[in-house]
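K.L.:
Would you mind keeping the following structure in view while I ask a few things?
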Amino acid sequence: MAISDLLNRRVRARPEDDEVYSEASGSDEGSQDGSDAESNGSIHSQEDDSDAEGDGDDTDADSQSEASNSDIEEEPESEHDDGDDFKASLADISFGALAKAQASMREKNRKDKRTPKDDTASSTVDDIRTKLREAREQKLEAAAKSKSKEKKSRSSKHAPMELSSKRAVTRKRTAVELPPAPRSRDPRFDAAVMGHSGVGKHPHGGKAYAFLDEYRASELNDLKEQMRKTKNLQQKEKLKGEIRRMQDKLRSAQNKKREAEVQAEHKKREKQLIREGKKANPYYLKNSELQKQVLERKYGEMGSRERAKALERRRRKMASKERKEMPWERRGAGGDEDGGAPNGGKRRRLE
């Protein structure tokens, strides 16, 4: 049995302090410690066919070999006994002990093959990944800030507006420039005649179409003749409305013409005074002064009877306007506090 103990001692790998075993080796070591504790240093030489009992024998043999190293070296034995003991020890070795030794050797070789280059390479890869992650986060934060940032206002309203050049090019392209479509040109709304504002303030616009006033006057005479001849009341009312509208148009056109004449004369007079050196700055008419001069010109163009009728109409118009603006009161001597008559009298205007 001394040879078997010696073989087990040589096959068994002595664990190092910094060696890391696998789970299987750890479980084997735990079972070995438990068996040593139960045996309390006793030596068992029984043989079993099961793997669990073989593991127990191996642990017992290991402990026995460690305890009797000095005894084996001191006792001389014969060659015949050595051969028998060697065969017996080979038969006593279990598969669990062999697997345990193989696992410990594999772990040791794997640890030896591990070089610092792998550690440096893995650390370099980790650093690169960390930097890429940080750069990606910074880019996302910058994009979010740029979206939330408000548009910068211009330094002044006359400064050019800033527009982004990152715009998608449209797929629609104009290969050949087509000639513009012909448009109808109405001289009544032409800028050369009506002025750039389009409100008929051009000085030559009225002169170019002065003949239209003659047409309107002739149309007005025709409508009056039709109203005089017709006997249908509905048709007569309709013609009367048309005549009234045309008269209003002619009257407004004449008033505009008078205003333009008054303005032209005033400007001409002011320019003459400035040219003579009597005035340094021109005087611009107020609207009230302009209307007053227009009325004077209007009444000056009328005859005596027509002027009297016009003045009478204007007097009645102004009187009715003033009467509407006057306050009202109830008739009766004893009125209520709110001004109402006790017997429901009519209201009258204050004189």
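Numbering starts at 1 and runs along the chain as it is shown here.
Note that Cβ sites are derived from N, Cα and C of the backbone, with glycine treated the same way.
As listed in Swiss-Prot for this protein:
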type	residues	note
COILED	119-152	coiled coil
COILED	216-276	coiled coil
COMPBIAS	22-39	compositional bias 'Low complexity'
COMPBIAS	48-63	compositional bias 'Acidic residues'
COMPBIAS	71-84	compositional bias 'Acidic residues'
COMPBIAS	105-144	compositional bias 'Basic and acidic residues'
COMPBIAS	146-157	compositional bias 'Basic residues'
COMPBIAS	296-311	compositional bias 'Basic and acidic residues'
COMPBIAS	319-334	compositional bias 'Basic and acidic residues'
REGION	1-205	region 'Disordered'
REGION	248-279	region 'Disordered'
REGION	296-351	region 'Disordered'
K.L.:
By DSSP, what is the split of the compositional bias 'Basic and acidic residues' (296-311) into helix, strand and coil residues?
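P.N.:
Split into helix, strand and coil, the compositional bias 'Basic and acidic residues' (296-311) gives 14 helix, 0 strand, 2 coil.
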K.L.:
Over the span of the region 'Disordered' (248-279), count residues by DSSP class, listing helix, strand and coil in order.
P.N.:
29 helix, 0 strand, 3 coil
K.L.:
Which whole-number mean pLDDT does the model give the coiled coil (216-276)?
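P.N.:
Average per-residue pLDDT within the coiled coil (216-276): 91.
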